[in-house]
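What TrEMBL records for this protein:
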{"type": "BINDING", "residues": "Asn153, Asp213", "note": "Mg(2+) binding site"}
{"type": "TRANSMEM", "residues": "6-23", "note": "transmembrane segment"}
{"type": "TRANSMEM", "residues": "44-67", "note": "transmembrane segment"}
{"type": "TRANSMEM", "residues": "73-92", "note": "transmembrane segment"}
{"type": "TRANSMEM", "residues": "104-127", "note": "transmembrane segment"}
{"type": "TRANSMEM", "residues": "133-153", "note": "transmembrane segment"}
{"type": "TRANSMEM", "residues": "160-178", "note": "transmembrane segment"}
{"type": "TRANSMEM", "residues": "184-202", "note": "transmembrane segment"}
{"type": "TRANSMEM", "residues": "209-231", "note": "transmembrane segment"}
{"type": "TRANSMEM", "residues": "237-258", "note": "transmembrane segment"}
{"type": "TRANSMEM", "residues": "287-310", "note": "transmembrane segment"}
{"type": "TRANSMEM", "residues": "316-336", "note": "transmembrane segment"}
Amino acid sequence: MSRSSALLIVAAFALSMVGVWWWRTIALRLNIVSVPNTRTLHTGAIPVGGGIVIAVVWLLCITFLYLTGSIEQNDYLAFFVGGGLLAVVGAIDDATNINPLFRFFSQILLVAWGLYWLGGFPVLLIFSRSLDLGWFGFLLGVWCGLWMINLINFMDGVDGMLASGTIFICLCMGAFLYLEGDVIFATLLFLLAVTSSAFLWFNWPPARLFMGDVGSVFLGYTLAMLVIATTREHPTLIWVWFIVMGYFLTDTTTTLLIRMRLVRPFYGTHRHHAYQSIARRTDNHLLVTRGVLLVNILWLLPLAILAYVFRDYGPLFLIVALTPLAFFCAKQGVLYELK
């Protein structure tokens, strides 16, 4: 990694720390707070919207990289326009609770925008065989982007869990991309990790600041586009991505599928995710956040390394990684809550 990239990462962390502290002060003064509801697990009003700092600092950093010729225009347009506008939509939603249809269609439009500028859905490599999905791949990419935005948003319910999980994902994938010689995208991931780290300082249990939709929606979109962009050049890394995101993927997807089968209407607000159920039963956010971190480090990371080293068997390692998590999340989450 070049000295300039390292300095940019340090500067991003420092700016984020100052920005998050400043935003928390402003939010308290202007009464920009989150109050408990049927989905949340906190008590009392907590300042919200701290994710705006993650979005602003990261977008400033990629603008600097674009102006210095480090990233291509197409990539910049995908990340800056899509991520920036979705952060704005998220900020408005935090403040006024905008119409769900407007929120949904804005996500569709901006995910399609990002996917277009990144060149569409990448060619998949499955057991050494290439699979080009063409226009169906574009539609699949839009659906996956929407799901990524919403699953990241669903995971923002326990103090510190989303931010620490994002840091884990970004550090892991940044390291793998650095080993691949892709220093620029590794830098983008490290930048997202340090901006999230600054926020985590204020969000670690017990949280003094919440991320809000402005942060979770931005993170979901940005991670989705990073998956697409990096898989374009490194197709075997798609399985590594899925493994390091394994807990987020399995808790949300398992819960949704079971609710679609057992609950009418399945799309209502709920606290059926495994992490929500465990946090409610134990009344301990720190226990849940540490537990997910341990799963990430002790279970998912070793399997991600194996998938990176033995690339032809990536899908197999993905199945091994996610299957026990899916059973755990179903038993400790939605099935427990529906008993």
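Glycine residues also receive a Cβ, built from the backbone N, Cα and C atoms like all the rest.
TrEMBL does not curate its annotations; it predicts them automatically.
The structure displayed is predicted, hence computed values, not measured ones.
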Within-chain partners of the transmembrane segment (209-231) [C-beta distance under 8 Å, separation at least 6 from its ends]:
20, 23-24, 27, 34, 46-52, 54-55, 58, 75, 78-79, 82-83, 86-87, 89-91, 93-94, 107, 110-111, 114-115, 118, 121-122, 141, 144-145, 148-153, 155-156, 162-163, 166, 169, 173, 177, 182, 185, 188-189, 192, 196, 199, 202-203, 237-238, 241, 245
Near the transmembrane segment (73-92), which same-chain residues lie under 8 Å Cβ to Cβ, leaving out any that are not at least 6 residues past its ends?
49, 51-52, 55-56, 58-59, 62-63, 66, 98, 103, 106-107, 110-111, 113-119, 149, 212-218, 221-222, 225, 229
Take the Cβ of Asn153 (Mg(2+) binding site) and count every other Cβ within 10 Å, whichever protein chain it belongs to.
19
